[in-house]
Amino acid sequence: MSGSDRLEASVIESVFDAVAETAPEIRAALPGRRVESDRENPSGETVMAADVHADELLEERIGLIDGVSGYASEERETVVDVGSEPKLGSESRYAVAVDPLDGSSNLRSNNAMGTVVGVYDGSLPARGRDLVAAGYVLYGPITTMVVATADGVREEVVTRGGDEGVERSVVRESISLPSDPVVYGFGGRVPDWTDGFRVFAREIESELKLRYGGAMVGDVNQVLTYGGIFAYPALADAPNGKLRLQFEANPIAFIIERAGGAASDGTEAILDVDPEELHQRVPLHVGNEQLVDRLEAAVESGQ
Ligand code: F6P
Ligand code: MG
């Protein structure tokens, strides 16, 4: 292994150590933070107290990692420079982009939420092809963490281990999407979908089972587990959909591609989309490759 490969492997390991250690704290702090803060995020959404808390914890922990130069989150306008004093004299060239609490509108109804993480080799905004690892935590009935690297995709269960801190056990290794898809979940209101997407959705409704929980991480995890397709498509008044390229779409696309699936903005692979700005949105369609191919064909013919 070359020195730069070693640095990359150590950055990836440290980022997911930090995320796993922080996850139980984020979870434990939720009950008192189901209220709105006085802030809006750069996308114009109301920020919950739990979003602010998760973002602060992650910035503090990820910012300490040797080799990480930038921390960016959905809740902050600009990238935080965390690499001005390279620790151990190493090169600081990786940037970490985070959705600290994905699906936080589910706080009020007590449904699933997550934390999404992308580790980019380069400064942000970056292309998804610059990701070297991505993952998410799912705060469901249990806390799980999915991690994707060049080596594949794994799922861990994360628990608090008393005085020993956090315990992690790998429960699924070398995850690949089941070849016989079962579930689908599409965001947005049906009348706001494009004609092409509506035609595709009508077909899918008769083939797969609806599973939509309103948190991307929870809905994507169903696709990763059972096979199928998740989409937050282009809408009439929001042609770029809702999800953010750097913080949500790219990391999820990286995970699903590593698991043998595909992710598209409707015309091209999400990971090939050239970024224009940090908080830009993008339509996301992700899941089994043959479904994403059909979606692209339907969107193209229906516009
Ligand atoms: O981060 C945005 C998000 O909360 C995603 O987790 C989720 O897929 C989407 O918004 C849900 O949006 P809607 O409330 O429109 O279904
Ligand atoms: Mg989100």
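In case you wondered, yes, glycine gets a Cβ from its N, Cα and C as well.
Among GLU59, GLU60, GLU74, the residue that TrEMBL places alongside ASP99, LEU101 at the Mg(2+) 1 binding site is GLU74. Of the residues proposed, GLU248, GLU257, GLU268, GLU276, the one TrEMBL records at the same Mg(2+) 2 site as ASP99, ASP102 is GLU248.
Within 10 Å of the Cβ of ASP102 (Mg(2+) 2 binding site) there are 29 other Cβ atoms, across all protein chains.
Taken in sequence order, the binding-site residues SER104, SER105, TYR212, LYS242 that lie near ligand 2, meaning a CB under 6 Å from one of its atoms, form an empty set. Close to ligand 1, meaning a Cβ under 6 Å from one of its atoms, are these of the binding-site residues LEU101, ASP102, GLY103, SER104, TYR212: ASP102, GLY103. In three-state terms derived from DSSP, GLY103 (substrate binding site) belongs to neither a helical nor a strand segment and is classed as coil. Around the Cβ of LYS242 (substrate binding site), the same chain contributes GLY187, GLY188, TYR232, LEU235, ARG281, each under 8 angstroms and 6 or more positions distant in sequence.
Across the domain 'Fructose-1-6-bisphosphatase class I N-terminal' (37-155), DSSP classifies residues as 24 helix, 53 strand, 42 coil.
Mapped onto three states, the DSSP output places LYS242 (substrate binding site) in coil.
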